[in-house]
Amino acid sequence: MNYEHFIYIADLLGVAVFATAGALAAQGKRLDILGVVVLAIVTSIGGGTIRDITLDIHPVVWIADTTYLWVAIISAVVAFVVCRYMQYPRRLLLVLDAMGLALFTVLGAEKAMALGFSPVIAVMMGVITGCAGGMIRDILTGQIPLILQRDGELYATCSIVGAVFYVAFYDVLGEQFLALVGMAIVFVVRLATIFANLKLPEFIVAGHTLEDMDKGQNQ
Amino acid sequence: MNYEHFIYIADLLGVAVFATAGALAAQGKRLDILGVVVLAIVTSIGGGTIRDITLDIHPVVWIADTTYLWVAIISAVVAFVVCRYMQYPRRLLLVLDAMGLALFTVLGAEKAMALGFSPVIAVMMGVITGCAGGMIRDILTGQIPLILQRDGELYATCSIVGAVFYVAFYDVLGEQFLALVGMAIVFVVRLATIFANLKLPEFIVAGHTLEDMDKGQNQ
Amino acid sequence: MNYEHFIYIADLLGVAVFATAGALAAQGKRLDILGVVVLAIVTSIGGGTIRDITLDIHPVVWIADTTYLWVAIISAVVAFVVCRYMQYPRRLLLVLDAMGLALFTVLGAEKAMALGFSPVIAVMMGVITGCAGGMIRDILTGQIPLILQRDGELYATCSIVGAVFYVAFYDVLGEQFLALVGMAIVFVVRLATIFANLKLPEFIVAGHTLEDMDKGQNQ
């Protein structure tokens, strides 16, 4: 498997994972199957679309290759059907979201670096590609964006850490190895964050004393 | 009236209808007249703007022809003034929204097909053009997006059904007749949905047993 | 200092001011420093990005010149650190927001006029550039957009008034003088609005009798 194939498959996997997460997020929202498909598509291609439009890459990835759309549609339909007959643990949504975040962060940064943009732009594109889809999903489903929820505290941080790592070692490590390590970093840090949030509430409180300051000052 | 004229007038009518719906949605939000105009503009040209940018069609429709902006501005001002002196039934907002959805769904799909994009892209563009403006409006006015409200259950579905019909019969039916039938389908299905939601609550409950599954599992 | 320098510095000042406002808005949201940086970047470059993409100006301003990103990052970090050790009055956020609104409204209109777009497009671009970043910030932090809050009643209005003034006198006044007066108008009107909202509640009530009409009709 050469590098182009690797990137392509990782990209489709990211779409499948985010589309499934999008479909799961639709639960209890009174959406029918087509509504779920729309939500899944927006979640899975939203980030890449914003990246391509901002970088003036046309046609946008899923317009150039409709495989992306079909993967999103099929993933959403499968998730919708499976959810009706099986129970799934709530945490599955978070794990899928973490996988999508990991894949898309690195793929977003990779695309910008490959096109010769500067490192800081590449990091931005990694964060946009990784985080935007999930944010749009959360906004459309009327939830507090995952980025701001308790267990989402370090959401953008995980993405930035992975993107910075990827960019920093871009010319040093082999491209495929680098991409895999970058993805692993985002995924592991993200899962660790979710776990840490459940176990270390004191850390959060200590880190946000400014919150109380603000309250005392203004109310 | 030739086909280009028909499309142009339908497009402007969609802008007028969505701008009016946007202005009505501003009620009770403490917006002054210029705020209402901004909201009306965003609602009425938001979907088409996202479509054009995604398809890399420049200049964007309302930049190429400012008639769109003026129609939106005038509709909003008229709606604002009329609302001060007349009562209007709440359902008017839903009917106008359904009309805009019908017009823009077909026009979005039409534009993509006319430019030679694949059918699945055309359906996506129909849904984006039809739904995006209303979603932005609902997000900006801090409401649960209509797409997720009780009477909005099949919102995206109506749009998809119409767009799929339009694309499926694109080379079969006369273009103007096809467009009119497509619009009628979206409009009628959407109104039927609103009506059905009021009359058939059992259908909804039965269709979402997964909701309870989820609850039992995770809380 | 020639005009290009003036515009460039005003643009960077707008980024710094909006980034700081974005960082302050993150208070009490459980975001760590990198989350705050992301929020500050989105707030400060969001409006200009939408403007450039809509007008098909590529590369987008902060991609062409990464100084914008660095100014946003440094402003956010400074705001984050300072907030930990100092109390700041809540109103500072509103004043910074008003400054950013003033700078970006005029700069957005200026860019469109300089590129030869029609006056109504230039006003739209002023409003988009001025208002979009703050709206995205408010949506992402799960707040009612400032544009719809009590003291944000005339938010879009301030922007429109300044943009219309700028466009109306574009060929009449000296460009730098015109820009400064336009910015001053937005800033002063915005601050007056905040002040007026605290002092003149009756004005608001009187201006929104339609609200009660609506209630009587529909509930």
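Every residue gets a Cβ built from N, Cα and C, even glycine.
Whatever TrEMBL says is automated annotation, not expert-curated.
Here is what TrEMBL records for this protein:
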DOMAIN    A:9-82  domain 'Glycine transporter'
DOMAIN    A:95-170  domain 'Glycine transporter'
TRANSMEM  A:6-26  transmembrane segment
TRANSMEM  A:33-50  transmembrane segment
TRANSMEM  A:62-85  transmembrane segment
TRANSMEM  A:115-140  transmembrane segment
TRANSMEM  A:152-170  transmembrane segment
TRANSMEM  A:176-198  transmembrane segment
Same-chain residues near the transmembrane segment (A:62-85), Cβ under 8 Å, at least 6 residues beyond its ends: 11-12, 15-20, 22-24, 26-27, 33, 36-37, 39-41, 44-45, 48-49
The transmembrane segment (A:176-198) vs the transmembrane segment (A:33-50): 3 or more CB pairs under 8 Å: no
Two-stretch contact, the transmembrane segment (A:6-26) and the transmembrane segment (A:152-170), at least three Cβ pairs under 8 Å: no
DSSP helix/strand/coil residue counts for the domain 'Glycine transporter' (A:95-170): 62 helix, 0 strand, 14 coil
Number of helical, extended and coil residues in the domain 'Glycine transporter' (A:9-82), per DSSP: 59 helix, 0 strand, 15 coil
